[in-house]
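Asker: Right, I'll just put the structure down here and ask away after.
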């Protein structure tokens, strides 16, 4: 039903929110570097047990806080445990939580956005007011409060991240749906008697994938920051789970003399988040509907 | 304009109600019996029953919600379980420090963000642009708590230039003392706030700089900028006076929204720098599972955030007639 020459968003449609654009030389590089970083970290996380050089809990008190060496690539922590092995294991935790949270938020937000934008009227009004309420909380405050009352743990951490993340998808998908539902191919589908679920999920949804993927990529970075913040504050996965945030925060006890443990754990978080942000920005430039329609309209 | 103000104010009411409902709902999220959770493991069944009664936990939820709202209207946020004092008093005692920190950070991030964004925009595509935007990308990806540690490590531990933790006199009173000829407390306050504010500000500075750059690029292409250039106006004044003023319009609302993020980020910064504000209070309340206090803090954060958003919207409408006529 979808016409391949049909632009995803009409060029004369409502003006979309201002987008952040990177300078040209950085743009493609952004996609490449971002993809390289995230791919590497994902592979490390998936094969964490294979790439780990030491047992996660193997202590070596004689070698506490040793710097990087041939035996310990990234040095050791306060118990002489191998930091490289613990960090790749930590990548596994961070990425799993982020992936669960982002997937669920994207699904919830997308459904809300599709329904809200397509039906309009009081359905739209109600759903958007609810969205506004959740946007009304500073995200970290809500995340902390939820984990505070429900208790720490993988499921609760992921759940708290979902509560604060779905709103963004709802708003973006709603605005693409608003413009897509006036498109000829959607009108045609409706005229042919297609049911609304079919129109929403087979006609409109595929054309909204671009922005959803961009949001998801940026969202993975944000989720990792928040998950690490929770672990940092002591409300994430409890030890002995080798979370990045815990390792960063525990390292601060020795920060005057042995800052390495905190520095390297924080660096792991930052590089990963940077990777997802670069990937998201790069994807945005590739998938930006405005760029696709330019010249044609 | 009056119409717009009224409409916008009316929107605030359901929003505030919604925020209160969600905050109240936190209590319903507690797995098991809240009274048992609150009292801890040594609680006897009699204690639990009497607390349930005192908290009104045996009433249906809508009755409790109604009561919660009525109490809030009277400024009553309940009583902290561990400090045994009214939640509103505890929060008010801490609010100033956090607002001060967030405002200083907001100021820093706006100045840095606008400068970086404009500089990048007028050199679009060049090396300066690429470097500025790379810096911004790194700033956005930097976890607040890690940056805070690095700053503390560098400026407080290694160099010893600035204090690592704590707060001086409140800035306002320190400023007053400075005006009366005693500048020492002001320097002390500034030295204490420098690192926490800087670590809190960087993230927002990066986001603002990217927006300013984008907005500036759009404005620089407009006719009035070309006219100004054509009539021989100096480049600096075209950029900083004419173009920037228009480019800042969309940025203003984002700067307002950043305030919410700064309040949230303050939880982390305050913990690291032992800054005696709401953030620190949040962490201790959560560690003790002091639910009324947690609810009060969440509500305070959200209501401040919603009010700032409201204020920004009104301000925006005041400067940009297109909004209120829509």
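Cβ atoms are placed via backbone N, Cα and C, with glycine included.
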Asker: If you check TrEMBL, which stretch out of A:95-120, A:173-198 is marked transmembrane segment?
Answerer: A:95-120
Asker: Counting only residues 6 or more past its boundaries, what in the same chain has a CB within less than 8 Å of a CB in the transmembrane segment (A:95-120)?
Answerer: 41-42, 45, 127-128, 131, 154, 157-158, 161-162, 165-178, 181, 196, 199-201, 204-205, 208, 212, 215-216, 219-220, 223-224, 227, 272
Asker: Which listed range (A:29-52, A:140-164, A:212-237) shows the maximal number of Cβ pairs under 8 Å with respect to the transmembrane segment (A:260-280)?
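Answerer: Ranking A:29-52, A:140-164, A:212-237 by Cβ pairs under 8 Å to the transmembrane segment (A:260-280) puts A:29-52 first.
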Asker: Test of understanding: applying the rule of at least three C-beta pairs under 8 Å (pairs 6 or more apart in sequence), is the transmembrane segment (A:29-52) touching the transmembrane segment (A:140-164)?
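Answerer: Judged by the Cβ rule, the two regions do not touch, with the required three close pairs absent.
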